Amino acid sequence: MDAFSEILEHLRDPALVAKVQSYFGVERVTPSKTSPTVSQNSPIQRNGNTTAVQRRKGKNDLPSSTDEPQSPVSTFSEEDSDDDTFSSDVDAEAAGFKIKSKFWFYLFTLGTALGDELFYATFIPFWFWNVDGAVGRRMVLVWCINMYIGQGLKDLVCWPRPGYPAIRLQKKWALEYGMPSTHAMVAVSIPFSVLLYTMDRYQYSAALGIIIAFLWCSLICVSRVYLGMHSVLDIVAGLGLSITLLIPLIPLVDHLDYTLLTWRWSPIILLTVSIFLVVFYPRRGDRWTPTRGDTAMVLSVTAGVHIGSWTNFQLGIMREPSLSPPYAILWPSFEMIGLGVLRTVIGLSCILATRAWCKWASYATVCALLRLNANDIKKQCYSVHNRQKNIVELSYKFITSVLVGFNTTYLMPSVFRLLGISRPTFYTEM
């Protein structure tokens, strides 16, 4: 048992993260004395214990590199959630480190983006509009379950992200805890669910699919250690948890998908379950983190996607399959590629417009129903004890994301059909 504990401590050791960073050309240097302003305001941990947010507010309400959070209450304003990375050598050296290889830096920055909100917001609609809605629905549901469990465990385990001597190269997600890595869980759930749901559905080389999924997963996982956002143990735990979940989820979701399409009460059940999971989101302690809001968006997008698909089925737009799989892959012509680009540009533009309008309208509506001043709520700091702000924030995120998901699978495909640019479906969406 002692040997096992030693292995766990070694995998959790920030020094191991620092070794990985050093291998890929990230080195700690003496901060530049000519740029004290950049150094002082940098949210990257110089010594693993102090952050810019703490210096501005004078509170120890971010997780330390070696200890659990000490402050009983934590508050954050929106400006504390900056998601920039260091983009210049001057900024990097002022913060106390040097990037020797730009290749690895940009590669792993791209890798970590495969598990970020921007990737979800583009990849999921693109898949539904240009590839296969049946696989998309199953993939989204697997992704949602993985994310909810992973995010909930983060706020229950409450393990801080790596501190000294690891170097924090990224600001984004710094307010969240680190165990388990949900990036690692997404790195398994998305590519491997797509692989498992398409292996028997389409005629292609399974070996090629496995290689692509493995490289995708590896790139995301290594990127999180490279950027100093996770310990190796966080990554291993995320991988192990997601693989364990995938074993029962793949067949379960496959059967559940048909039920959600055909059952008349599916929209009510989907909304009820999603709201229940948001309200009773698991957490421990009094430190605010953005994980609950992010999880609310994941749940509501998933509900919206499946409600839109249910609407398609109920209106007869989606039909039972006339052919049996496996299907031959329809390789796109130049015309099909052009139409796919057109669908993506039009669709994402409408999704962005929907998100912007719904965010404003739902925020104002919720504040009006609660008799609150929307401008005052926006200026307030985030805190687990600020019940009014939490209700408003979770409500507008839920409403907006449900409509974005619904538009992705129902409204935009309907617009594409009206414009005569819809994706050809020679087989089935079920």
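Even glycines carry a Cβ here, placed using N, Cα and C.
Automatic prediction, not curation, is the source of TrEMBL annotations.
Record features (TrEMBL):
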type	residues	note
COMPBIAS	31-53	compositional bias 'Polar residues'
COMPBIAS	62-72	compositional bias 'Polar residues'
COMPBIAS	77-87	compositional bias 'Acidic residues'
DOMAIN	137-250	domain 'Phosphatidic acid phosphatase type 2/haloperoxidase'
REGION	30-87	region 'Disordered'
TRANSMEM	103-128	transmembrane segment
TRANSMEM	177-198	transmembrane segment
TRANSMEM	204-227	transmembrane segment
TRANSMEM	232-253	transmembrane segment
TRANSMEM	265-283	transmembrane segment
TRANSMEM	295-317	transmembrane segment
TRANSMEM	329-353	transmembrane segment
Composition by DSSP (helix, strand, coil) of residues within the domain 'Phosphatidic acid phosphatase type 2/haloperoxidase' (137-250): 78 helix, 3 strand, 33 coil
Cβ-Cβ under 8 Å with the transmembrane segment (232-253): same-chain residues at least 6 beyond its ends: 8, 11-12, 16-17, 20, 138, 141-142, 145-146, 149-150, 153, 159, 161, 178-189, 192-193, 196-197, 217, 221, 224-225
Residues from the same chain, set at least six apart from the ends of the transmembrane segment (265-283), whose C-beta lies under 8 A from its own: 148, 152, 155-156, 259, 289, 292, 295-296, 299-300, 302-303, 306-307, 310, 384, 394, 398, 402
When counting Cβ pairs under 8 Å to the transmembrane segment (204-227), the leader among 103-128, 177-198, 295-317: 177-198
Positions whose Cβ lies under 8 angstroms from the transmembrane segment (177-198), at least six residues beyond its ends: 63, 112, 114-115, 132, 134-135, 138-139, 142-143, 146-147, 150-151, 153-155, 157-162, 204, 206, 209-210, 212-213, 216-221, 223-224, 229-231, 233-235, 237-239, 241-243, 245-246, 249-250, 254, 289, 291
Outside the transmembrane segment (295-317), six or more residues from its ends: residues with CB under 8 Å to it: 117, 120, 124, 128, 133, 136-137, 140-141, 143-144, 147-148, 151-152, 260-262, 266-267, 270-271, 274, 277-278, 281, 394, 397-411, 413, 429-430
The domain 'Phosphatidic acid phosphatase type 2/haloperoxidase' (137-250) [mean pLDDT, rounded to integer]: 90
